[in-house]
Amino acid sequence: MGIARSINSFMFFFFLMILSNASKSSVLAEATTAKFTFIGFKENQTDIQTEGASTIQHDNDLLRLTNRKQNVTGTAFYRKPIRLRELTNSSDIKVCSFSTSFVFVILPSSPGNGGFGFTFTLSPTPNRPGAESAQYLGLLNRTNNGNPSNHVFAVEFDTVQGFKDGADRRGNHIGLNFNNLSSNVQEPLIYYDTEDRKEDFQLESGEPIRVLIDYDGSSETLNVTIYPTRLEFKPKKPLISRRVSELSEIVKDEMYVGFTAATGKDQSSAHYVMGWSFSSCGENPMADWLEISRLPPPPRLSNKKGYNSQVIVLIVALSIVTLVLLVLLFIFVMYKRRIQEEDTLEDWEIDYPHRFRYRDLYLATKKFKESEIIGTGGFGIVYRGNLSSSGPIAVKKITSNSLQGVREFMAEIESLGRLGHKNLVNLQGWCKHKNELLLIYDYIPNGSLDSLLYQTPRRNGIVLPWDVRFEIIKGIASGLLYLHEEWEQIVVHRDVKPSNVLIDEDMNAKLGDFGLARLYERGTLTQTTKIVGTLGYMAPELTRNGKGSTASDVFAFGVLLLEIVCGNKPTNAENFFLADWVMEFHTNGGILCVVDQNLGSSFNGREAKLALVVGLLCCHQKPKFRPSMRMVLRYLNGEENVPQIDENWGFSDSSRDDHKSNVVGYVSSDRASSSNTFSSFSNVSSSSIVSGR
């Protein structure tokens, strides 16, 4: 009997559990699509619950969230609760997908004095009792801000900088808020144009602005797109696209959707919604598109204070005088700008790489802080920076009071901006701000080749291994071959040396600092009036005619090749020339004796001898006997036999003295022409021109 009673009790409770779960499943299963569209609000005012300063205006059919009075709040919610949780196929409960679209206008009390903004909100109640004005946006207050029991999610449209003195980095931004007014995600207001360029605009512009918010319940991804309705296209890329798993902790079974807004002390705006559509649950819910031509006209600024005629006359008179002064000031500024030709749009500004905003670079380099300097020279200073969109960068700020510096800037834009090769430093973009010229490169973490060859004590006590050196040599050769023969125009680098070779994290060589590069149409003569380059790497013909060529680049490469193998600088002493020294050992049959002693016996003798002989061939005193970079690479890859070195290879004592005196004469008489350049990414100090580094 007792056993039967126990069985009956168990079956009764089991039946109740089934009924409970079935009831819950039934309720959640009823999470049918909630969908509404408001083209204006006058005819649908019974569907909207407004409180505070919020009201539906019958004269213009708009939903006004706040007027321009100070320290007011307003809320407007869809009157019916919306089910936002549903059962999945695996009987789990998730937040439904939903989509909303609305068009809004913000009219500040006066230019620069608008505030504070508004939110699109998911709330457990159709109002926000106790919510405060100003930075709390009519959503929360100082007591409950950050409380998990709020169950509030908001997309904020903030026009004033700084919640709690800085949690919000800047005004005119969009943020995602979870139970808190400190945004978890925050983006400055921009849209992406048809060419995927960023274009900024203002929330308080007074023009209609469209917002599209879409949440995918399966991937928990929220997309927010915002742009002025004057555009004839919808941006393909949203401003915010983030996974927001936090919603599952915030959203209850039923929530209210709507808006909150607030003004502050001395900062106030009227916030309007022209139209609103919403759709949730179901399969791929999509809010209806709001056709601008069907929406009520946007609001206009008006003055309802009824100024007397004398005040109006005074205001009009002052306005006319101010306008005349502004026109005169504008004419004066334009005249000065034309005279100074400041920030004029050159042809190369249109045709070449992406232009960065100066403000972004200013912030990325911590306001060009001295501690972020990683190099000097080459007519400018190089800063380390970090962009949130693309990561670490190097910013080369070119000295603006140097005509040579301007020419260098244009040369780099012309060359690097259109070059693309794995052994060339990548130029991300450029910026011209007032009198400042800036180039933005990839940041190369290992710095320059000379820092790896000569740094004392050696980095981490490790000597650059032979196999790495040999690959670096071939990498530099490959980059020069691309410049000389494989691009659409011939590019003469004119300053090949270790400090202009960058080494990336995989120890690949990248040729950089094209500040002295010049483009030559194929078949034309070079027209150079000044000697440029670095002592020790300059071909002898440069001291006679100053004409840089691919052959002079080959000479500099030859010196650099010998330097990498030997671990010696090209002119370490008064009468020491590295190429002559190597040639002497080659003549005596002991060429491997010149290999860097720090390598010990850890090098490939065949490769070392091959590299040294190729280096000597490149250093021939006569340009016509030097190999092309294509032949150099074939020699190094073992695809061609290396020829014998010509018996007229070297310099006589008198020609060597003439070469040295001519170079020193040029350097001392025209310092601006010499290239004591510094790699845009190296973190070592610039070397003196006398040492050739």
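In case you wondered, yes, glycine gets a Cβ from its N, Cα and C as well.
Features as listed in Swiss-Prot:
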| type | residues | note |
| --- | --- | --- |
| ACT_SITE | Asp495 | active site, proton acceptor |
| DOMAIN | 368-642 | domain 'Protein kinase' |
| CARBOHYD | Asn21 | N-linked glycosylation site |
| CARBOHYD | Asn44 | N-linked glycosylation site |
| CARBOHYD | Asn71 | N-linked glycosylation site |
| CARBOHYD | Asn89 | N-linked glycosylation site |
| CARBOHYD | Asn141 | N-linked glycosylation site |
| CARBOHYD | Asn180 | N-linked glycosylation site |
| CARBOHYD | Asn223 | N-linked glycosylation site |
| REGION | 33-279 | region 'Legume-lectin like' |
| TOPO_DOM | 23-311 | topological domain 'Extracellular' |
| TOPO_DOM | 333-693 | topological domain 'Cytoplasmic' |
| TRANSMEM | 312-332 | transmembrane segment |
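Mean model confidence for the topological domain 'Extracellular' (23-311) is a pLDDT of 89. Nearest in space to Asn180 (N-linked glycosylation site), taking C-alpha to C-alpha distance over the recorded positions Asn44, Asn141, Asn223, Asp495, is Asn141.
Every protein chain shown contributes to the tally, and the Cβ of Asn223 (N-linked glycosylation site) ends up with 16 other Cβ atoms within 10 Å. The two recorded residues, Asn44 (N-linked glycosylation site) and the residue listed as 'active site, proton acceptor', show a Cα separation of 73 Å.
Cβ neighbour count for Asn44 (N-linked glycosylation site): 18 (other Cβ atoms within 10 Å of its Cβ, all protein chains included). Nearest neighbour of Asp495 (active site, proton acceptor) by Cα distance, taken over the glycosylation sites Asn71, Asn141, Asn223: Asn223. Shown are the glycosylation sites Asn71, Asn141, Asn180; the one with the most C-beta atoms within 10 angstroms of its own C-beta is Asn180. Rounded to a whole number, the C-alpha distance linking Asn223 (N-linked glycosylation site) with Asn141 (N-linked glycosylation site) is 27 angstrom. In the shown protein chains, 25 other C-beta atoms lie within 10 A of the C-beta of Asp495 (active site, proton acceptor). Counting only the Cα atoms, the space from Asn71 (N-linked glycosylation site) to Asn141 (N-linked glycosylation site) is about 13 angstrom. In the three-state DSSP assignment, the secondary structure recorded for Asn44 (N-linked glycosylation site) is helix.
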